[in-house]
Each structure stands twice: as structure tokens, then as C-alpha cells.
């Protein structure tokens, strides 16, 4: 019933921490007492492996590795032709006694694993665990550092690495290192060019298993992911995650925060975030945070250079100007890159075709024409490209993505420049002034082109 009521009856007497489970309180209390639970070195090593991600027991026939010897022994039985355990009902054979035990329940009908919150029974513990996650929202794995909770043990192991900073997976061909093995494997495919996952219906092949699954949906037409609110269906899990539909109208968005802001501003009129100084109310937490700076005088940008770059987004100022053309920018690094286009110096030379450039990013993009590398992949379909801007344009054109969101209202746009212009509606700033009359505007093009004609 704790899950349904939200009650947290177990409280720490030292700091006020509360939890719904007695076992979690016991674990928490060790932070105050300093009690060392693991007296046996081997048991401690196995426990620590959960935090460090170390898996010293490795299979010599495949990529499998584990932190526990008994898990390796069980895994090795899969490679062995020896299958000592035989079912006397149907002749089923296996090298793993736990597999035989689970198999026998298909004959006996035994279902020893029972859910403590409903009437669900099952023959396998793994099925019970998945049931609790899916139907009761259980998240039994908790981080001792920050309180992060998850339904999956591997997800906790991955999360822990954020705190330890450990990056055990290193590339032996460059300086790349990562905390996660799957990211390391993806990176290594860049060097090897290997694409082991092949479509059996066309010539498509990829380095990534998930990319092949996504691609196959194009052939099958299958759309297994459905929105429970409006019936929207898609072949891509990521597309369903990004689909958020309003219960009151046809508005949809890619983020839960934006949907909540829409509902409050358009339907309920609710503005839960209130300023304690002047009574100002807003539907967005970020809007209140920005407002509070009016009272506190807080200046979050302590570095003058960083502040200047931030303010350029509001003012439209672009102090770095090219003396050879009309190009101007708010960032010095962008100006440096642009100036290389005018320079005769082109130190970056392709050793395969002789192409020369003064811009290392242009050189990197060029090299992909030889390697065939396409590191920028769409997370909603199988499109991949050698250039990030091509991916950005693809998402805008084919998936309607609008990644730039206003912190004051629900406005979203596909373009950073459009957001910068929109922000000026809220700030009321009009930095562009006519030196011949009182006209002023927030937008440079209105000042330069539209109004400029009135004085000609």
C-alpha cells in the first residue's frame, strides 16, 4: 500500500531523511554510523564492482564479462557442448541448473514468484521484476550519493560512474575514453569501419544493433509504440518519447515541461510559481528564476567575456567584424574561423587528394568523404550524415523538431536565431536606433532595411 499512498513511514532521527522501505533506512544509517558491512574481502570486492564497473571475469570465446565468478561459470556452460541437466519429462537438455529449474515449471505449473501488490504470479523472478517496474513503477536501485533511483541494476552501475569519474574503456588508437562499454564499442567502429549488423531485405548495414532494429521498421511497417492519450503510433521509441499531446486541444510538443506550461497558460490559467517579494506569478519555474534577479541583483555571469557573449544574444551586437566582407559575429572563435577563408595560408592538407583549407573543422568534414564516416545519426530514423548541420536540418524538415525553447512562454523554434529575436519580445529591448529620428527596434533587419528606406 505504500506505493499507492506515497507514505514514507521510516525516518532517520539524525537528518530527517524519510523512505518507504525499512531496508533503505538501514542503508542510509550507515552514512551516519560509518558501519562497514562487508568484512570478507571477496564479498566487498563483488560489492565494489557495482560502483567501479570492473568486470574481471571475462569469457575467452566472446565479449561477455562479469564481476562474479559464478556468473562466468554459468555463461561458459552456453559455449560448452556438455549438457548435464536433462528434463525427464520431455528430454530438454541444458548445462545450467537454474535454466533446468525454470524449465521444469512449464511441466509442474508452479509459479513461486508472487507480486506483493497485486495477484500477479509467475514462474520466473525476472518476469516478476519486470512486472513491478511496468505496473507498479518500482525503482529498487538507489544511488547512495545523490538519491537517483532506477528500475534497472545496470542503469545504476552506469549512473555511479558520474560520481566516480571513472572511464575504464579506452581506445588504443586515439585518446578517447568513456565510462560505458557500449559507447566504446560504437567509437571503435569508427576506426575499424566494421558494420556487422546487416539488413536481410536490402543492402543497409550498420555498426549499431539498435540502428538496424530502427531500420527494419521501414520494411515491416510495424508501429509498436502507441500513445495512450491520442492513439498516435510510431515505429520509433524515441519518437513516442518526444510525442506529448495536450488533453484539451491538438497541441503537441517534444517536452513534458513545455506541455505543462501550455496547459497552465492556455487552459487552466494556473501560475504556481510566485515571487515572495512582489507577488509576480508565472507558469514556469525558469521564468520565476529570471524574475528574481530583478530583486536580488544577481549576476550569474561572473566572467565579463562570458557575459558579453550571453548579452549578444539579447542585444544582437556582433563586435567581431571582418574587414574584407560584411561578415560579423558575437564570438571571436567564429571570427577566427571565418578569417581563415580569406587567408592564403591553408595548413590543413588532405594526404589522399591534396585538398587544402585553413579551417580544421572543414578539413575534418572533408576527410569523411574518404572514410565514409557518418557520425551524426538521427535518433528517430536511420538517416546518418557526415555533418552536424545536415542532421539538424534533417530533424527540422522530416521530424518537425524545434529544439530551441523560450524560458518565459511556450514558444519553440527550429532555429537559434529565431529564438534570439523572440526573446526581445519579453525583454522589451530595442538596441537598434535611427540617428535621424526617434525610431528604434529590436531587430537589425528592420532598422537597416525597412526603416532605412524612409530617409533615402
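Glycine too: its Cβ is placed from the backbone N, Cα and C atoms.
Automatic, uncurated: that is what TrEMBL annotation is.
Database features, via TrEMBL:
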DOMAIN    10-37  domain 'C2H2-type'
DOMAIN    57-84  domain 'C2H2-type'
DOMAIN    85-112  domain 'C2H2-type'
DOMAIN    113-140  domain 'C2H2-type'
DOMAIN    169-196  domain 'C2H2-type'
DOMAIN    197-224  domain 'C2H2-type'
DOMAIN    244-272  domain 'C2H2-type'
DOMAIN    273-300  domain 'C2H2-type'
DOMAIN    320-347  domain 'C2H2-type'
DOMAIN    348-375  domain 'C2H2-type'
DOMAIN    376-403  domain 'C2H2-type'
DOMAIN    404-431  domain 'C2H2-type'
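For the domain 'C2H2-type' (404-431), DSSP puts the residue distribution at 12 helix, 4 strand, 12 coil. In the predicted model, the domain 'C2H2-type' (320-347) has a mean pLDDT of 79. For the domain 'C2H2-type' (85-112), same-chain residues at least 6 beyond its ends with a Cβ under 8 Å from one of its own Cβ atoms are 74, 77-78, 121-124. In terms of DSSP helix, strand and coil, the domain 'C2H2-type' (197-224) has 12 helix, 4 strand, 12 coil. The residues of the domain 'C2H2-type' (169-196), classed with DSSP into helix (H, G, I), strand (E, B) and coil, number 12 helix, 4 strand, 12 coil.
Secondary structure of the domain 'C2H2-type' (113-140) per DSSP, as helix, strand and coil residue counts: 12 helix, 4 strand, 12 coil. Under DSSP, the residues of the domain 'C2H2-type' (85-112) split into helix, strand and coil as follows: 12 helix, 4 strand, 12 coil.
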